[in-house]
């Protein structure tokens, strides 16, 4: 059955709104309980659909014939038009590689500036040293674009896949490539990452005298997709996409940078800011930060619209290529974007943190980064070769397994530091599984800077190396 666009989208958006309000409301009564309940429901939903669409349990059912049929075309017929060869956008593959590298850098930065990974080095002094200031600047600018860009790219390739496969085969493919890694992360990789984080630290102390590390290890066994919240939400978005009527495609011109910055961005930014102020924290495992839920929804379905209307192809009148070909548009877009990024860094280094300046800079980055990043990569990285193909093909596997290597290289740094300076306290507050610490040696800042650089190089190189060989295991390429 095909739902109308309005009814289906209203139904999903209404449910999303109710769940958000329920989590915020229940959070005042029982903090921590709503995310656990809603997160558990998300894991169950992913397991159910992954099993059903991959026919690996008794709940699998044979799809109806109308579900297997190709989607309706705008003329309400099922006759597919002659295939039209689309322009190959190699720069999107290279952009995915860059974004995946930035995910690794982001999580290592979280560790080295005390920004919220499993171990937090020198977190109590992150606002007093240059490493912490630069690191928090990087975290702010990253969170203003990189996950939303992942959703945009995923959305861009969705319509073609749906048209070719039909609803059931489309969802079957999605729950195979996205659902299976999600489930494996919940029940295999996450427990390994967490338990190894505890076991390889020789001396763990706590600010809570009643805290016993041996009593909370079981927290590691609570299913959690961690970084693969992204694939879970992709499954939600793809299910929504497959549930709406595609007999009439959305016709829309590509917005210009100024219009996107001044018309589309403000209401979503205010809504996103409201979720942050309300203390939502995370929703169905999605971290609520700059450019999160409202922008992720916009970017995924915006990517679908971009594909239908060929915004990224060079011969499309009014498309992104034509818009960014205008010299003045490109100059002011790049100029304001660079000013916002560099200006925030300079402000941090001179004045320290300021919520208002951070919010203003994040707003500008969110409003312009897609035009800058897509145009920059199209102009300079629209090529392919042996190594770029290897990197692009392994990027998804890298995204899945990178927590293991972030953990490994942080441990290598910690052992090297302790070998030279003696052990430092890794402190866990109560039963919180995110640590805090304060490195006290005179040359701690030099060690942190050198360790941060080496850990990034080592983690990126080793993760890609292992990811390449993991994909070579028979049968793994069907999923990875």
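For all residues, glycine too, the Cβ spot is worked out from N, Cα and C.
Between the listed ranges 242-260, 356-374, TrEMBL ties the annotation transmembrane segment to 356-374.
The feature transmembrane segment, as given by TrEMBL for the ranges 12-38, 39-65, sits at 12-38. Spatially, the transmembrane segment (395-414) is not adjacent to the transmembrane segment (356-374); fewer than three Cβ-Cβ distances between them are under 8 Å for residues at least 6 apart in sequence. If you average pLDDT over the domain 'Acyltransferase 3' (91-409) in this model, you get 86. A contact between the transmembrane segment (331-350) and the transmembrane segment (288-306) is absent, since fewer than 3 of their C-beta pairs, 6 or more residues apart, lie under 8 Å. Between the transmembrane segment (97-119) and the stretches 139-158, 179-201, 288-306, 356-374, Cβ pairs under 8 Å are most numerous for 139-158.
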